[in-house]
Every structure is written in C-alpha cells, then in structure tokens.
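Since the structure comes first, as structure tokens, the remarks are kept for the end.
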Amino acid sequence: MSKRKSISTHDKSTKRARPVEEEEDSEDADDRDQDVERLSPQVLPSGDVSDVGIVKSITLNNFMCHANLGPFAFGSNVNFIVGKNGSGKSAILTGLIVALGGNAQATNRGSSLKGFVKEGESFAVVSITLNNIGKDAYKPEVYGQAIVIDQKITREGIRTYKLKSQSGHIISTKKEDLVTILDYYNIQVNNPVTILTQEMSKYFLHSKGGAEKYKFFMKATQLEQMKDDFVHIKSTKSVTVDKVEQHSECLKDLKRDYLEKEDRYKSLASVNEMYTKLEELKKQMAWALVGEVEKEFEPMKEKLESDRCATNKFNEKVDEWKKKVEVAEGKQKQSHEQLEEITQQVSELQSKCTEFKTEVQRRNADLKSCEVTVHRHKAILRDLEKDKAQLSSKINDLSLSISQATGAESQARMERIAQIEAALEDLTHHTSTLGQQIEQYQHSYRHAIEGQGKMKRELEGLQKSIDANRRQLQSMESSRSNRLQRFGDQMPALLAAIDEAHKKGQFKHRPRGPLGYLISLKDPELALSIEICLKNLVQAFTCDNYDDERVLKSLMTKVLQHGRRPAIITSRFFPKVHDVSVRAVNHPDYPSVLQALEIEDPVVANCLIDQRAIECILLIKNRTEARRVMQGRNPPQNCTSAFSVEGDQIFTNRSYTADQTRANFLSKDVEEGIRHLKREMETQKVQAAHIQQQIRSTDKNISENQDLLRRTQTEQKTTEVKTMKLQLELTDLKNVEEPQSEDLAELKSAFENAEQEYKQHKQLIDTAAEEADVKKVETKLTPLFTSLSCNILWVHCLFVLLQEELSKTDQEVMKCKHHEKHYEERRNAHLCSIKTLENNVASKEKELQESIAKAKEICPEQLVVRRTARSLDVEITRLKVKIATQREHQGDREEIVREYHEALESYANKAQQIKNLNNFIKCLDRVMDQRLYAYTVLRRFLSARCKYYFDSMLAQRGFTGNMTFDHKNETLSISVQPGQGNKADLNDMRCLSGGERSFSTVCFVLSLWPITEAPFRCLDEFDVYMDMANRRNTQRQSGLKMATSQKIRQLIFLTPQSMSSLPECRRIHIVQLNDPVHGQTQMEQEEEGP
C-alpha cells in the first residue's frame, strides 16, 4: 500500500516565494491587496453557495498507477488541486470523468477502460460523493444529503455502478439512474468547458486556426449537438421523402390489385346476401330455441312464487286452528272442572237430603204420636163425659174411619209407584234409543265432513288442472304460427328481454333455452317418449355461469309474472359436444335419445347429456319388445333405461307406466293436441260440475244431520230431566210410612178405665199439648228438606246442562284438532311440492341459462323471434343448398372475400401511411424552420455573451482584445494586445508569447463558463506554458475573481504550480497532493504530462 496523500490548505506563513518571482510579487502586491479587500466584503454564508450537484469528495483505488488516492474533500466554491507531476492530479480528473459515466476516449488517456486498472490488480474502484443539499435536491427522502457513486472496473474492461445513499445503502445499480441524476444536475461530462482535460487544453492551446476555436465554442455551448440534430433530421427527412415517393409508386399497384379484387367481390353480392340472411336465420334460430325454454320456465317460476306466498296462508290457518284447539281445550277443561264441582255438590246434597229425610220422618212420627196422644186424651175425656152408648158408637165410627182411610191411601200410593216405574222404564229405553241416534248422527256428520274435504281437494286439483290446460291451450293455439308459444305465452317476451340484455353486455354468454325449442325429432312418433324422458328439461334454460343465472332470474321475474317459471341449469359452455363414445349405449336396432334428436347447438346437447344422460337411454316403440330387451338375460351395455312409444319407462328390474298420454311441446301435430286438450277440458269441467253437485248435496246432508243431532240432544236432556223427577218422586213415595191403626181393644180398655183415669188424663192432656207444640216447631225442617230437594233437582239440571256443554266442547276440540291436522297435512304437502318445484325451477333456470349462453355464442344480442324453430330450420337448409349451388359456379367465396379484404386493407393502410408521412414532413418543415430561427438567435446571443465576458477578463489584466465570430464559415478569430488599446494595435494570438497565449486561452475558456450551465467546472493544468507574471494574474483571475463572480458554482483547478500567491479566503480550498514515491517509473511520471 502506498502512503496516503496529505490534504491541506495553503498557509501563507509557511510559503516561500521563489527568487525569480520577488520582483513580480512586489509589483503586484498592491493589486493583490485590493483584490482581497474586494473579496472580503462579498464573502457570503455557506447557505448562499449552491450545494446541489457539486463534488464533495473522491476516492481512487487501484486506478491507473495509484494503489490508493484519497479521499479528497472539496470546497463548495474554488478548489485548487496542487501537486507535482506523477502525484495523481490527472488521475483524479480521469477518475471523475469515468465515475460520471464518461468513456475512455473522453479522458484522452486511453482507448479502453481496462487500461485504467493498475498493473497486477484485478479491478479498480472510483468513488465520488455528490452534495444533495437544498431545495433542488434529487430525491432527498431516498438518498439523503449526499449521493455516493461507486464504479468498479474489471481487468476485462467491464464496469458496474452502485448508487448509494448518504447512509451507505445501495439504491440502484443501473447506469440509467446515473444518467438521470446527471441530467437532473445538468452535469455534462463530455463538455470541455465543464471538464477541460490536459490533452484538450494542449490541443486548444496549440490550435492556430479559427475553425478549431469555433468548434470548441460550439461544443462548449452544446450548439454543435443542436446542429448535428438538425443535420440528422434533414437527412432523415430526405430518406423519408424518398420512401414516400417509393410508396406512392407501390400504392398505384395496390390500387390496381384492389380494384380487380373488388370486381370479383361485387360479383358475390347475391351470395353475400344469402350468407347474411343465413347468419341472421341462425341467430334467430338460436334465440327461438331460447324462447321455447323461457316459455317453459316462466310458468314454473310463477307457480313457485305463488306457492311461496300461499305458504303464509297455510301457516296462518294452522296457527289459527292451533289457537282454536287451545281455546276449546281450555273450555273443555273448565267444563270438566265445573262438572266435577257439580257432581261433588250433588253428592253432598244427596247425603244431606237423605239425612234430612230420615230426620223429618222421625220427627213427623214423633209429632203424630204426640197429636194422637192429645186427641186420645181429649177423646177419652169427652168419651168419659158421655155415656157409654155414645162412646161405643164413637169407637165404632173411629175404627171404621181408620180402616177406610188407611186402605185408600195405600192403594193410591201403590198405583202411583207402579205408574212411575213403568214411566221410568219407558224413559230409560227412550234415552238409550236417543243416545244411539246421537252417536249415529255424529258419525254421519264426521263422515260427511271428511267426504266434503276430500271432494273440495279433488275439485281444487281439477280446477288447477283446468287452468293449466287452459293456459296450455292458449299457448298451443298461439303456437300455430309460432312454436315458441307452446312453452308459454310470455316466452317470446322473455327471449326478447334476454336479447336486449345481451346487447347491453349484461350476459357473459347468451343463455340457451327453452331446450325443447332448440331440438328437433328425427322420428315424430317418439315425441311423447322423448318428452317424458326429458321431463322439465324441455322447458329449462341453461347458463354458462352464476352471474348470467342471476341476470336471467331477474329477467324472468320481470317478464314471467304468472305461472311456473322454467328451471335454470348453470353449467360451463363448451364449443364442442362431449365425447360419449365410451359410455354411450349403441344398439343395432334401436336408437338412443341422443341419436333420435337433431341438435345443432353443442351447448344444448351437452346440457341434455349432463342432466339426463340421453346417450344411455334407448327408445323402443313396442312396450313388450322393450321389456324383452331390458329385462332379458343380457341387457344392452351402458343402457340405464328404455322408453316405449307410449312413454312407459322400463328398467332391468322394474317398469313404470306413464300418466301423460300425448306430447305437449315436441309434437308436430298442433291441431290434434288442441282437440285433445279441449276434450280433456270438457271432461274435467263435467267432473268438476259433478263434484260441485256432490258437495252441495253433502252440505245439505251435513245441515240436516246437525239439526237432527241438535233436536235429539235436546230431547235427550228433557227425557233425563223427566227421569230424574220421577226417580225423586218414586223415592219419596217409597219412603212414606203407612199410619198404624189403633188397637181397639186398648181403646175399649181405656174407655172402661176412662172414668178412673179422668184426672190423670186431664194432666196428661196438658203435658201432651205442650209436647205437641214442641214437635210442631221441630217439624218445620220439612220446608228445608223441600228446599234441599229443589236444590238437588236444580243442581242435577245444571249437571245435565254441563254434560251437554262438555259434549259440545268435546266435539269442538275434536273438530278443531281435525282441522288442525287437516291444514298441517296440507301445509306439509304444500312445502314438499314447493321443494320439488324449487328443484324443478332451478333445473329449468339452469337449462334456460345454458340455452341463452349458447344463443349468445351465436348472436350476442338478443333477438325477438316470432317464427318457429322448425320453419327457421327448413329455411336454413334451403339457403345452404342454394349457397352450395352458387359456390360451385363462382368458386370459393371465402377465398374471394379474404383476398378482397386483404387488398382493401393493404391499400388503405398504405394510403394512410403515405398521408401520415406527408403530414409529418409538412409539420417537420414548419418545426425545423422555427427551431432553426431559434437556433440562430441563441447562437447570436451566446456569441455576444462570450465576447462580453472575454473582453472583461482581458481588461482585468490590462489586455485588450477582439473576438470575431464568422458563423457562415464557422470560424472564430481572437486578437489580443498585451498593452492598452490606444497604445498598440491588436495582434493575433499566434504573435503572442506562450504565457500570454496560455493566459488568453484561459480567459477564453473562463468566458464560456457563464454561458454553460453546470454545478461544477474543472480545468487541468490551466497555467501551463505561462510565465510567473501571467500565472499570478491567472491565479488571481481564476481564484479571487471566480470566487467572487462564480460563487454559486464549484470550480476545480489542477496545477503543478504553487498557489502561494493566493490570499487566504474561505471560498478558496487548496488540495495539496503528496509528492510521488521515489523510484516511480517513467510511465507513472508521464501520466501527468509536462
């Protein structure tokens, strides 16, 4: 490693003037002091000095003959790099040029970059730091306040760049980014005024002709580049004019060829019209098939919407009857509770009644005993007072009266009991008969209600079938002129809406449908079996994607507002039919469904293959033959099922009979279908009228049963009340005690002893009278017993009424539960039908989307087609035959059309190119005139500025001079007179001494600086060949004066001379290089020049 070069500013205390310079120093001392005085007041703060784009430092490693130079720091204004020959001054300048992107020729130091790598080393590195401070900084948020440019040069001459930020992070490695930074800072590496190398300085110094000076001026001001651009543009313009002339000749041949092709093309006008019509028919055919699928889809969708709306009604009905059941059960529970309470009251009252009855009978017996005793004693007393005859007669009369009274009362009571028992037996039998009648009436009522509901449901189904047949009849009648009407009255409107949406770009692929409209049968007899096989797919649409499906659903919602909407099948569209040769059934005698259909659209065929596997289903007209084929020992391979001409589906182990009797969509005989539908509708109307008559008869029977049931229940209640009254009366009669007859013997004995016991009886009468009064009071319980009996009767009646109410509530609960179950079953069946319908609608919608997508592939814009697909198919076939006949006579139409369009396009393109080139040439002439004028004005302006600055700099030295520009001959002559202008005439620079000529050259170069924009200037050995006097003047000129006048730019001067004559100043920075190492080779010394 070589010793690092020292960097220091010049200290005037250590400077020693050479002896030969003492005289010049003394003569110029006053001038130098004045310069210092002028400079000192004008020293500005560092913030006023431009810091953007100036060189902050440079470092060289293994560059040229130096192992390590630097880092060298530079000031922001005037910099002198001072050093002896071989110290590395020119290496610094060369490294600056190379690091900023200059090539080897720009350095005048070699022909290749690999020559700059030090001998024995594999690469060289040059690193330059540019200041990036100020409002004009380049991307300060990325690079910071400095931009570091590292360039690595390999031994092979390959160089790489690294642009780093202030912190050392690598920002870019592209030369384009370096060029962008240089353009941003306006750093012109190849401009000799920006960087004047030693060789260029020597060449300019020794040049004696005015052409070289003029060329230097042009290159320094970049006018030479502008001139070269003008020359290049003019030459390019001449080439362009020549090419335009050549193209014009070629254009004539192209026009001739185009006219020939046009004549042949016009002869195909009739064929073109047929082709146009054929394409239009194909488009109509595609959308006609879509319309048929839409007609099938819309009724399904409408039916689904209406069924969904009806679901709420079913829910409301179920909830309503649930609430009624709860209310009825509440009433039933309340009636049960009340009945239990009444039963308990009856039980309590009956027990009380029995107790009261027993007590009353006992007290009545006591009362009668007391009264008998009183009367007996009174009679005894009266009898005692009468004579015996009268007493005997009285006893006889009394005995006879008792005998007669007792027998009549008992006989009457027994007869009444027999009557009551007979009446009770009749009432019991009658009550049983009424109960059986009530049960019979209730059973008839329930049976009639169930039959009525069944007939109403049957009538509702018939009415729906009639409405569907009526819509289908309307569609079929409309389909006489338009087959699409079979799929629904609103199907043409739906297809029109699909066409309109497709024109607006709402569909990615036009949906296809109805699928049944897009297929045709090879054998019309198979229409019923194929239609039953395809089921809802006949009316379905198919779409390519779910976005198209949503658009199609919205269109169906708007257009198909009634009836069921077709299903939509969403499946990706393919331009070719699926290859089903491996899995398809192939029978020698019977076709598959796929083979029996004519399908032009591959999307429709693929949809039917994917959804129904029509390649695996056979069509066998004879039902018996179909069973033999399918249910034999060897059924056909890949065959899943077979259909007979009647629509029966036969599997290998079972078969199903079809309910449908005729084809509704695929049949060609529309009139027969219309007649069949009318007959079917008449039959359904007769059935509906018969069912309505039955419903009315059932309503009448229900009403009569209700009246009979009500009357019978009322009669039963009345009979029960009568039975209860008779039972109470019978109980009372059976409980009556017969009065006991008095013993006449005792009476006679008492009579005989009457006299003896007269006194005793007198006392006994008083005692018995008192006791009888007491018994009378006690017998007053009898009204209470009667009241209690009435209460029992009333409670019993209430019990009967509650039983009747309970029976009503039981019937009401049963009725509500029956209705709840009925509506629950209807709702479940309705939900199942909705789910099935949703699946069908989804399938049909998918089919519709696929149909629309397939139609959009043929015609992106939806068309309103009023013709049937069958008629369109016939016309397409006819046109194809006619076109084939025309092509045989005229040749290949496509080839003729292709050649015509190619000739037309070639001719039009060439004509447009020539027109554009002519317009460009005219515009170029106009712009060139404007630019040439601006170039002349700029050249005159820059020449004037250069003269001014040159005269000013010569005057500072006391020289006079003249600078003459001859722009016409491209020469520049400079005349300089060392003395005053009034003392001597101007001389050519060739007459000057070497020092004066070198000084004048420096003045010329410095005069170009103000008119050349760049953040820094660099001169290599600017004072070469100067004597000491001119060198000191040049130093002051370049140092002090430049520090004053060029304070916004960075100036770098390279010189081997001492800068001791310069005063110390903050704007002047001197970099002192170390002396070269002793023993350095001659080649190392020669790198610095003389």
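Yeah, the Cβs are placed from backbone N, Cα and C, and that goes for glycine too.
According to Swiss-Prot, the ATP binding site annotation covers Gly83, Lys84, Asn85, Gly86, Ser87, Gly88, Lys89, Ser90, on the basis of sequence analysis. In the three-state DSSP scheme, Gly83 (ATP binding site) falls into the coil class.
Each residue in the coiled coil (242-479) has a pLDDT score, and their mean in this model is 76. Feature annotation from Swiss-Prot assigns coiled coil to 242-479 (among others); the stated evidence is sequence analysis.
Look at Swiss-Prot and you will find 668-858 (among others) tagged as coiled coil.
The coiled coil annotation in Swiss-Prot covers 894-919 (among others).
Residues or ranges marked as compositional bias 'Basic and acidic residues' by Swiss-Prot: 8-20.
Residues annotated as compositional bias 'Acidic residues' in Swiss-Prot: 21-34.
Swiss-Prot lists 1-44 with the feature region 'Disordered'.
Feature annotation from Swiss-Prot assigns region 'Flexible hinge' to 480-667.
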Worksheet item: Between Lys84, Lys89, which of the binding-site residues has the fewest other CB atoms within 10 angstroms in the structure shown?
Response: Lys84
Practice prompt. Determine which residues of the chain contact the coiled coil (894-919) at the Cβ level, with the cut-off under 8 Å and only residues 6 or more beyond its ends counted.
Written response: 240, 243-244, 247-248, 250-251, 254-255, 257-258, 260-262, 264-265, 268, 272
Worksheet, complete the sentence: One residue among the binding-site residues Gly83, Gly86, Gly88 has the fewest other C-beta atoms within 10 A of its C-beta, namely Gly83
Item to complete: Tell me the Cβ neighbour count for Asn85 (ATP binding site), meaning other Cβ atoms within 10 Å of its Cβ, over all protein chains shown.
Response: 17
Fill in: Cβ neighbour count (within 10 Å, all chains shown) around Ser87 (ATP binding site)
26
Discussion item. Going by DSSP, is Lys89 (ATP binding site) sitting in a helix, a strand, or coil?
Written reply: helix
Discussion item. Return the count of C-beta atoms lying within 10 angstroms of the C-beta of Ser90 (ATP binding site), excluding that atom itself.
Written reply: 25
